[in-house]
Amino acid sequence: MKITVIGAGHVGATAAHRIAEMQLAKEVVLLDIVEGIPQGKALDMYESGPIGLFDSKIYGTNDYQDTADSDIILITAGMARKPGMSREDLLLKNATIVKEVTDRIMQYSSNPIIIMVSNPLDIMTYVSYVRSKLPKERVIGMAGVLDSARFRSFIAEELNVSMKDINAFVLGGHGDSMVPVVKYTNIAGIPLTELLSQEKIDSLVDRTRKGGAEIVNYLKDGSAYYAPAASAVEMIDAIVHDRKRILPCSTLVTGQYGMDNVFIGVPVKIGKNGIEEVLEINLDTAELEALRQSASIVESNCSNLADLLS
């Protein structure tokens, strides 16, 4: 198994190290355009092997030829958000970067599974899908796993219970229009609505939607990376071990939930071939409308990239 991580910034480097520690690949490639950065970080990771007890070979590079025949490619390249910026503010700059990255990786890997982390997430996943010409099952956006983790952590904090007992997921676009689905949220099987007031639930939902911005505002210069990296690697683990995990991910819907030809976060089954099934769950009218509204925002932004992708 060969896994390539594009972008040696905080998210990419953290993900690469986690991939190696979990021994998900015999070969881990960390690529960045800045000379010396991926090489130095990869060497540092490799030297932690005797302590972390892993044998994965990790190396850094600036040459896309070194990514040849990758089984999975994690794209984290792009500008990070700064205080006051929305994910959509990054649209044109990161779309140009993701387009170039996708074109380059596809020169050397014929049938990889691409996992997108770059923001704005759903739109960048669309860009990579269009440019790669891969089957839709093999181009996946990491969004719902992260958003759901944030929602779960806030619930656990509020109730003072173990995170392991929180089951929750977030659908929709990876932005302010995301849709935390409260009615499927439970704590060891107990519905969230039996443990918290609607006012408190609404507060947690709002904090989840603003979870990324909360971290950006603290950091001032940079954005979240530990949780995004862990979320992406959870998806990689599901693929490598063919776990058939049910995870909320950004995928191209083709009629599900009354939406078509748009990348949006929905529950999917993930295994060795990428997305094996899109699950259609029962949503109430308000949830379904919120999901479709979220998708319409993604569609609108994607339409602005027609010239770039032509």
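Each Cβ is built from the backbone N, Cα and C atoms, and glycine gets one as well.
DSSP assigns H174 (active site, proton acceptor) to coil in the three-state reduction, outside any helix or strand. The active site, proton acceptor annotation in Swiss-Prot covers H174, and the record cites sequence analysis as its basis.
If you look up Swiss-Prot, you'll see G7, A8, G9, H10, V11, G12, D32, N94, V117, S118, N119 marked as NAD(+) binding site, on the strength of sequence analysis. Secondary structure at G9 (NAD(+) binding site), taken from DSSP and collapsed to helix, strand or coil, is coil. Around G9 (NAD(+) binding site), a 10 Å sphere centred on its CB holds 19 further CB atoms from the protein chains shown.
Close to R150 (substrate binding site) in the fold, though at least 6 residues off in sequence, lie V170, R207, T208, G211, A227, each with a CB less than 8 Å from its CB. Here Swiss-Prot flags R81, R87, N119, R150 as substrate binding site, drawing on sequence analysis.
Reduced to three states, the DSSP call for R150 (substrate binding site) is helix. You'll find the Cα of N119 (NAD(+) binding site) roughly 8 Å from the Cα of H174 (active site, proton acceptor). The two recorded residues, G9 (NAD(+) binding site) and H174 (active site, proton acceptor), show a Cα separation of 20 Å.
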